Amino acid sequence: MTNFFNRSPKHQSHHYQPHQQDVTDISYSMENVSISSNAMMDIDTSYRSSKPTYNNPQQQQQQQQQQQAQNNLFNKENITPLNSPTKSILHNSPQQAKSSTSPQHLYNKLVNANYNGNSPQPGIQQQQNNRALQNNINQLQPPLNKRYKLTEAEFYAKANSARTKRLTSIAQLYFLDYYCDMFDYVINRRERTAIVEKNLLTDPMYKNDITKQQFEWKNYIGRERALLRKRRLKPKHKDFEMITQIGQGGYGQVFLSRKRDTREICALKILNKKLLIKLDETRHVLTERDILTNTRSDWLVKLLYAFQDQEKVFLAMEFVPGGDFRTLLNNTGYLIPPHARFYISEMFAAVNSLHELGFTHRDLKPENFLIDSKGHIKLTDFGLAAGTVCNDRIESMKIKLQNLQNLNDFNDDSNNDNHHYQVPSSLIYERQKIFKQSQQQQQQQNSNNTTANSIVGSPDYMALEVLEGKNYNYTIDYWSLGCMLFEALCGYPPFSGSKQDETYYNLKHWKTALRRPQTKDGRYVFSDRTWNLIIKLIASPNNRLQNFKQVQQQSYFSDIKDWGNLRQKTPPFTPQLDNEEDAGYFDDFEDDEMMMKYKDVFARQEQNEQLLEKSNTTTTTTTTTTTKNGKRFSPGSKFNDNFIGFTFKHKSNPNNKFTNGSGNTGRYGNGNGNNNNNGEINLLNMVENGNGIGNGNSRSSRLNPLATLY
């Protein structure tokens, strides 16, 4: 493989530094600029005449030295990077002596060449020539704001920018993936061809019948051709059949979908491209896409397809049918210690898989952990449809935290009992009651409000250093997991208050607010090893557990002998599913009562759409193609530039598989239908509506089996 990406021999002979070599190659590859005959008629080409005569050798030597100096200057000035806004075209103009002023632009040189200075008002022929010249210049010139050449410092700053590095990585991965996939396809095709030829020559059914051999060979070639065409197709929105909505966010929706040709079930996220760009959320979408395409872990939700059109971006992800961990907690109230240990251990393993990819979540919540069909945990939502971890949200929460400094004054007012702040109670039943009341009040506020609430959210699980704007590392996710373990065992987060302001104040004074829960008779709810783990997770950055190995060594996890075998253990809860389209563990978006808790989300979405519509009215955009720098482009293409390298198709896509006309595999297996155990698809006789598929419309509420244990 490496031989396909080596430099050519002509480049290997140079011994420049890497960046100098690239710049030199680019400068040598610049094309000459061609000008029409009408323009060339008026350009002074006297400098191309025969060599001048010199009166004496000294004058000739002096002229040659000046010429050599000018040539050196010319060579230095015209080494321009390929992605510079302008390409040097001075080598088509006369070389003049070096002046103290900046070099004259080619446009001015050509215009000056058209006027001889004697006729200030040119005639009709001259005007026609000038118009022809101007048309050529318009094609040669860059935009007005980019008429300069990048300096060396600007060029290398641009080359080392995060955007350039990402595009470079995308290009490298694209070509490596393309050639590896192509070689894999060619090798498999040769193997299939050899098997077909062998069967046609040895099978008694075809051995002595030339007509049947030709017929079967023609069918085989047709299936290979169909497979090759399928491989070239890019996914589109119309390729997916929408079954039901399972999620809603400020930037788009999530639908349970089925891909029409491969019959794959997926969760399809549909996001408004213009809104993402307007609210500066493009980076979060690309981060989500990069994480999902790089992961091979069973702990992270997998990406199946990523594609876009002029208005939307689409992420077709693995459908995890068991609902989220928040739903599990709502159904049970709290978990018994063995069950809590099972789930928190899997959460640590999932978060560690994310950290190994070089990413930090920053805003882990029970809603981010899904339960798959076998009852195990998968991590999702890395900052996408629900606007998770957007910088605006963190900044607004930071301001909210700073504004609560005024609450300190209440402690000095002994005559004002209403404003006097008290440390949260350690009694578990009191805190559970307060937490339930605060949730009910929040739902009531959402149902009464007709406009979107502030972007500020509750910081129940977010580490303090994130809100304070301080430097942080991936251990902030350990803080969040500590808060979730606390809630799983007690039924409320450690810093929850009766009002949101109290929650912020508890977080700001977390060392005082974090108290070990007790029952009425004074017994501690947590065991010693459980409490020791929590205070090592919810701790200052220097005292917090620093890596996954330290987490595994805690006495709380002493019963776990093999962390690599977690997914083979029997979970305490397994979703009861009717079929692969069963979305019963997700909210029913056709139920008006259930949608009351999404009222804030819908209002925020409406507010975003109004903001986008307002910006569209102030900006004149056309749907027709226009001309820019001599090139035709569509106005919508500027949005695609923000999502370069977004398209993705997973390797196990059934369109990359091969089957014969009867449903058998390309290796003449024993399949007998359109879908076989290997997930391979019959490309010729595909049935649009598969058999044995349920309607998937059962959205009745489910009784969590764990609820009977508490």
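Every residue gets a Cβ built from N, Cα and C, even glycine.
Not measured: the values here are computed from a predicted model.
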Key: Stretch carrying region 'Disordered' according to Swiss-Prot (options 1-20, 401-420, 561-580)   = 1-20
Query = Can you tell me the three-state DSSP label for I246 (ATP binding site)?
reply = strand
Ask   = Whole-number Å distance between the CA of D363 (active site, proton acceptor) and the CA of G252 (ATP binding site)?
value = 20
Neighbour count (Cβ, 10 Å) for G249 (ATP binding site) = 19
